[in-house]
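Pulled from TrEMBL:
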| type | residues | note |
| --- | --- | --- |
| BINDING | 59, 83, 84, 85, 91, 220, 221, 222, 226 | FAD binding site |
| BINDING | 80, 81, 82, 83, 91, 92, 93, 94, 95, 204, 231 | dUMP binding site |
| ACT_SITE | 231 | active site, involved in ionization of N3 of dUMP, leading to its activation |
Ligand SMILES: Cc1cc2nc3c(=O)[nH]c(=O)nc-3n(C[C@H](O)[C@H](O)[C@H](O)COP(=O)(O)OP(=O)(O)OC[C@H]3O[C@@H](n4cnc5c(N)ncnc54)[C@H](O)[C@@H]3O)c2cc1C
């Protein structure tokens, strides 16, 4: 099933504008920090934030950070996202989480062609079937291929407090792979879940880049500005471009002032893309 982008700013530094303005002012003031904070007014905060961002005093912006919960994006997108190294990430693991019916992203150009879209969806469904099949067949192999996996199963039987002889007798009732895994799931739930973990970490290799994933990302404002310069740019791929603009909107809701610092490079200066320039610059943002 097709997934949908969902982005939520779930946390940020308390009083981010005040923190930036105070940290910025401290650099040039003999006052103590309490006094500096007390003397700040909405006007002085705005003046300082604008001044700091326009002169590129970036380290001051690092005192504030923003945490985004991001869902309904592709693995292709997160591969691009995590290239932004000055950030923290936690991503749902395909090693530990079984995909019972994986969702996926469909690029707009593919959606614009109904025949391509249908083939794309078929491919995703085939992928899910193959994944399920690999998981079941590997679990079956782990139990029955003694030469390869005998030791692994022995350890797991011990860990799950299962009597080996009893298990051997149980498993020797001949069943199809599918039926066997089903019975293992009900009769030896813990063992099955351990073997399944090993199976899914192998089966996941068949997943396409389109596969939906969830990620929590924290960036300080300096890094977020850099991220937006690159990814709000029309040169960025459609999906991450949409994500970047949604992140800007989320920050704008909390702080219109800091939101003004975010956008594509061309909104703050000349386009850095050279011959790759899209020739459709966004409106400049006033600092
Ligand atoms: C349109 C587009 C196309 C791209 N195409 C490709 C591609 O084809 N192949 C590819 O591999 N990548 C590609 N990228 C990714 C790109 O090269 C960057 O890796 C990504 O945008 C992260 O940017 P960053 O390094 O500025 O961010 P961060 O990693 O967050 O770094 C932020 C800033 O910190 C500084 N910094 C971080 N690490 C170091 C370091 N080790 N040494 C010195 N300074 C550092 C730099 O000033 C950097 O700008 C593309 C990006 C875009 C936007």
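Just so you know, the numbers here start at 1 and follow the chain as drawn.
Backbone N, Cα and C define each Cβ position, glycine as well.
The Cβ of residue 226 (FAD binding site) lies under 8 Å from the Cβ of 84, 86, each of these being in the same chain and 6 or more residues away along the sequence. Spatially, by CA atoms, the binding-site residues 80, 93, 231 include one closest to residue 59 (FAD binding site), and that is 231.
Mapped onto three states, the DSSP output places residue 91 (FAD binding site) in strand. In this structure, residue 226 (FAD binding site) is part of a helix by DSSP.
Not a single one of the binding-site residues among 59, 82, 91, 93, 221 has a C-beta coming within less than 6 Å of an atom of ligand 1. Between the alpha carbons (Cα) of residue 80 (dUMP binding site) and residue 221 (FAD binding site) lies a span of roughly 19 Å. Site extent for dUMP: the farthest pair of Cα atoms among 80, 81, 82, 83, 91, 92, 93, 94, 95, 204, 231 sits 29 Å apart. Listed in sequence order, the same-chain residues six or more apart from residue 93 (dUMP binding site) with CB atoms under 8 A from its CB number zero; the list is none.
Taking a C-beta cut-off of under 8 Å and a sequence gap of six or more, residue 91 (FAD binding site) has these contacts in its own chain: 78, 82, 213, 214, 215, 216. Taking a C-beta cut-off of under 8 angstroms and a sequence separation of 6 or more, residue 95 (dUMP binding site) has the following same-chain neighbours: 197, 200, 201, 204.
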